[in-house]
Amino acid sequence: MTRHFYFFILIIPNFAIFPVQSTDQTSYLKKYDVVKPQLVHERWRRHADPSHTPDRHADSIAYSVRIDGHERVLHLTKNTHFLSKNFVVLSHDVLEKGKAHTETLENCHYQGHVEGYEDSLVALSTCEGLRGIILIDNNSYGLEPILHSKANEHLLFLLKDSQTEPFVCGLANETSSSEDHSHSADMSMFLRKKRNLPQTKYVELVLVVDNLRFVFKNHDITAVRNEMVQLANLLDTYYKQLNIRIALIGVRIFDKENPFSVEGNPGEVLGKFVQWRKTNLLPQLRHDVGQLIVGRSASYTGGVLGMAFVGAVCSVNNGGGINVFSNNNLQSFSTVIAHELGHNLGMSHDITGCKCDGSCIMAPTAGGSTQFSGCSERDFERLILRGGGTCLRNPPSQDNIITVPRCGNGILESGEECDCGTPQECTNKCCNAATCTLTKGSVCATGSCCENCQINVAGTPCRPSVNPCDLPEFCGGTSPFCPADFYMMEGLPCANNAAFCFEGRCQTFDYQCKQLFGSEATKADDKCFSHINTLGNAFGNCGYSGSTPKPCEVQNAMCGKVQCVFDSNHPPPGAMVSVLQIEGDKITCMNADFNMGPDVPDPAYVKTGSVCAPGKACLNFTCLNSSVLDQSQKCDTQRNCNSNGVCNDKFRCHCNNGWAPPNCDKTGRGGSIDSGPAQIDYSLRDGLLIFFLLVVPILVVLIIILLYIFRRDSFNRCVKCRPSKPQRSTDATNGPSNAQSNVEANGSTTRVSTPQSMTQVQTNVILVSMIFYCSFCQGPGVPRPIPPRQTQVPV
C-alpha cells in the first residue's frame, strides 16, 4: 500500500489535461482529452517523454495515464508472437508482378493490463509515442499521439465517440447492441471462460492495402506498413480473449493501381478480392485468411464498412473480407476489421441474449467495442467442432517468431523446447514451465502427434477424413504436429458422379441441406428449384443487383437458392423459413433467408461443384459444362498417379495403400508427401520378432548340440590319453607294501586314496581335472616326446 501511495504523490502534481482546438486529427472525435503519458521505472520514477530512455522498447515497461480523472498504471509486455520473422511487404504494379522484400522490423508493440483491474486489456505501440487501445471498466479507450506535439501530448477518447458514420452491419430490424446487452453477465466471467476453450488457435493473416489507401498515406510504403503492423497488434489483443492468436504474415500494397475495381456493390468487390487472392496472392504467400483495406472516402451503400464470408478462414476460394478505412482513426477501424475477421472465423452477429458488457465486436452495428460475447465464443467452437478451421491448429514455425523469446507466454518460440504458460497455469506433465524445457524422458509436449510425451510413429492417424472429398492425415514420425489439412483436387467427381469435389467436400444437395438445416434435411424436388428460384425474391434468386434479388434463368435455376425439405418447427438461428406447396400440395419446397446483414453473403446458395444437369455443374449462379472445373492439366490421376491414387489440392498424388508417393508407381505405405504415410512401418518390429522368435531359438539349439558334441569328444579323447592306473593288490596283507613299491618305482610320493574313501565332490574334481588334462592330449599320429630315462645312481 505504501508503494502505491508514494507513486501517486509523484504523479498527480505533474499531470494535466489540456483542451486543444479541433484539427483534422480530432475532427472525427465527438469528445476527447489531452493527456501526457509518463514512463514508470522500477523504483517508480517518471519521465514525461516516452523517448527519454533507451529502454522504451524493453521487454516489459509501464506507463501511467490519467483516465477519467484517475491515474492508471499500464503494465505492458512486448508482443513476441503476432509478427512473422520473415515479414513480407509486397507492392503491386500494373502487370501484377509483385516486388517482394523481406523486412526485419523493430518490435515496439505491446500488450498488457491496467494495474488493479484483472479483466482489463491494453494494446499499445510505442514506435512513435503511444498508440492503441485501453479496455477498463467496460469502456474502450483510444490513445494516440498528437501530431507535431513537442510536449508528449496524446489524445485519449472513447472509441464509441470516434465513429464518423454509423457502421451498419446486419439486419435492418435488429435492435441496437446496447439494448440487447444492457443486462449481460460480468465481463470477468467471460474472460475466465477463455481458459476452458480448446487448444490455442493461430490465424496466419495477410493484410492487403488498396491504392486508394496508399494514396491517402501520401504514397508512403513505410507508413502503410507500420500502420498495418499496429493494426495486427490490436487484433491479436482482441482475439486473445477467445484463445486465438493473430500472426501477421505479410502486407500487400497496391502502389500503382488496383487490379480490380473496389467501387459498386460490396458483394461484387468481395467476390473480386477472393478471386484475386486465390489466383495471385496464395501462390506467392501461403496464409489462412486475407483482409482487404479499401481507402474509400465513404462507406458502401447502406453504411456498409465491411463484408466477409462466414466460416471461410481456411478456404482457398472464400477466405477473405473487405474493410473500408477512410481516416487515420486506427483504433476505431481495428474493431471493424476484427468484426469481419470474426465472420471468417464462423461468428454471426450478436442477437438479444448474447452476453457481453456494453456493445460487442460482433454486434450488427459498430459501437467501438473491443469485447467478444459468449455467442461469438460458441460460434467459433461450433466451427471447430464441425471440422472447420483445420488450418488454425498448428502454431507458426519457431523461425517465424521475432524478438527475444519469453518463457511463460504460452507461445513456442526459438530456443524453447516447450511453453505451457506460467508455472501456475501449466498442467502439462511433459513441460517444465519454469524453464520451458521438456521434462526428463520427454520428446514433445504438445501436438496431435504427441502422446505421453513421445512422438507417435510415422503412419499414426492424426486427422481422419470427414467427407468423401477429404483426405486423412498421418503423423510423419518426426514432428509432434499433424500435417496441414489436405483434400482431393477440386473438380474431381464424387458420389457416383452425382456431384463434384469443391473445397474438400462432395457438394451434393443433400450434404448442403444437412449443413444448413440439420441432419434430417434432404434435397427438395427439382421442380422446387425451377419454380422458386425464377421468382426473384429473398427465398429464390441468383444473387443480387444492388439490393434487388435477381431471378434465375430457367437453365440456371438449380444454381440459385438451395431448396430442401426439413423440420420447419426448428429453423436454423437467424433464418426466416419459407414453406411452399406446389402442384396441388403434392410437392413441398422449403428454404430459408438467412439475411445475416449486408456484410455477409447468404450461405443458403447452391455451392460451386453442384451438379445442375447431366455433365454440368454450378459456378457463379450459372449452370456450365463441368469441364470448367477440370484441372487434369495440373494433375491427372492416371498420368501422374498411375491410377493408384488421387490428386490432392496441391496437385500431388495421394496414393492408395500399398503404393508409395510421389507417383504411386512403387510399392509402399500409401499416403502422400503432404499428408504423411498412410500405414505404420512395422518392418523393424516384424524383423525383431522373427529374430527373437525364430533365429534366436535355432541358434540356441545349435549351440547346445555343438557343446554336447564337443564335450563328448573331449571326454573320449581324455579317456584315451589317460595313463593306466597301477594294479592294486586285493590281498589284505600284501596290498600296502605292493602299492608302496609301485609308487617308489615310479618316483612318486603321491598318496592314492582308495575308491571307497572318495566323496562326490572328489569325483567332480577328478572329472574337471580330466578335462583340463585332456586339453594337453595330442591327437593320434603325433609322436609323444619321451623324456630321457634317468639312470639311478646307487647310494
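Cβ atoms here come from the backbone N, Cα and C positions, even for glycine.
Model, not experiment: these values are computed from the prediction.
Listed features, source TrEMBL:
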DOMAIN    201-396  domain 'Peptidase M12B'
BINDING   HIS339, HIS343, HIS349  Zn(2+) binding site
ACT_SITE  GLU340  active site
DOMAIN    404-490  domain 'Disintegrin'
DISULFID  CYS462-CYS482  disulfide bond
DOMAIN    631-665  domain 'EGF-like'
DISULFID  CYS655-CYS664  disulfide bond
TRANSMEM  688-710  transmembrane segment
REGION    722-756  region 'Disordered'
COMPBIAS  726-756  compositional bias 'Polar residues'
If you compare CA-to-CA distances from CYS462 (disulfide bond) to each of the recorded positions HIS339, HIS343, HIS349, CYS655, which comes out shortest? CYS655
CYS462 (disulfide bond) falls, by DSSP collapsed to helix, strand or coil, into strand
Can you check how the pLDDT averages out over the domain 'EGF-like' (631-665)? 93
Roughly how many angstrom lie between the C-alpha atoms of CYS655 (disulfide bond) and GLU340 (active site)? 39
Between HIS343 (Zn(2+) binding site) and CYS482 (disulfide bond), find the distance joining the two CA atoms and give it rounded to the nearest Å. 26
Per residue, counting other C-beta atoms within 10 angstroms of the C-beta, which of the disulfide-bonded residues CYS462, CYS482, CYS655, CYS664 reaches the highest number? CYS655
Expressed to the nearest Å, what is the distance separating HIS339 (Zn(2+) binding site) and CYS664 (disulfide bond) at their Cα atoms? 45
For GLU340 (active site), the one of HIS349, CYS482, CYS664 that lies nearest, given that the recorded positions are compared by Cα: HIS349
DSSP, reduced to three states, assigns CYS664 (disulfide bond) to coil
By DSSP, how many residues in the domain 'Disintegrin' (404-490) are helix, how many strand, and how many coil? 0 helix, 16 strand, 71 coil
Please report how many Å separate the Cα atom of HIS349 (Zn(2+) binding site) from that of CYS482 (disulfide bond), as a whole number. 32
For CYS655 (disulfide bond), what is the secondary structure by DSSP, using just helix, strand and coil? strand
Between the Cα atoms of CYS664 (disulfide bond) and CYS482 (disulfide bond), what distance do you get, rounded to the nearest Å? 22
Over all shown protein chains, what is the count of other CB atoms within 10 A of the CB belonging to HIS349 (Zn(2+) binding site)? 26
